[in-house]
């Protein structure tokens, strides 16, 4: 299947990086001369022996941009979506990114500046002695934000034409990505429902079910333990995978918490199934509609009846919850206890804690429960993350504006005014302008895509920049002076 919105970046070659570095290595002009600062000289901390390699010129004008030292903008023209131009206050810092392994703009002999993002300790060595801790922290956060912004812009410009990045953030590509994602979810759900009544369903934390294991296509033998990121070989038995999987908070094994999670997981399944066109899911139907008083007198909570060809089984309690979170993981890429949703699930999901290890004493149980419930209630009441990235309403609004010239107003002697389609070779007539707009979007999508290409590209850039986990957004830290 083609790469989807969570595809990882491909490995980069070496030759292209050298050309890019040569192209993006401008010779920075010295700062323009100015009057000497008034008052006595204020010593910088670095003059007392602390840190080095930091040029105060980066806090002043860069590249003739005309910004003084107090200009806190990212650069010229930085405003609104698509504002990638301009130089930030720290633009001459190296745009390192750990994802690509490429160098920065400060390479070359004779350049004494060290590359990478300064730590807070290194940064404050460059500040004047009378800067308060609060102001120092504020300046560092600004420096760090602008550094990462500059780095991400450079990374985006380098990779923006590559399919793997467009599949993650470009609204045009996302239309196909969402369609394929939904089709895969429906197919996988049918396989899940087939295994459920037969008793062959594996509710372990891995991605593969019993059918995949029997066929030999078992990817769970080499897994990444999400708790520490270390790779290792594990057995594929239920206990092996359980102990290898990251664990939820111990309170997750309480009977009270299990009942809450069952109902919340069922509501989440209803939401995600509806987004992907999955119907008649037996797991989302139970005794939800019973009055609360029935559940408060010794009831074990919701019960789901599974009917096979020759068997009838009731799922309840921990067994039902395990089935629900397994469904969420394998069909929707939702790690329920890990509080994450992805189109490309890997490794093992979080599992609820072993009830035998929890004695009811935990200082942060309430905090963890509130965080879990808040995260999934926001998703249940919210919108599909990929649909948000598509920005359909924004594109439709832009299309309505740019399609106006394609609505032709024609005088008809018999019927009065009519409205024609202005697309090349089209002779369709309509009674109102809005019908022409609708016709253009349905029958001439190529025209719409061409006319809205600018706003789509702007949304592409905005989606990338707004993602805190976007590739290219993790800077390398500056090494301390030897």
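Yeah, the Cβs are placed from backbone N, Cα and C, and that goes for glycine too.
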Candidate ranges 281-301, 302-322, 323-343, 344-364 [criterion: TrEMBL lists as region 'Disordered']: 281-301
194-245, 402-453 - the one TrEMBL records as region 'Disordered': 194-245
Across the domain 'C2H2-type' (421-444), average pLDDT on the 0 to 100 scale: 87
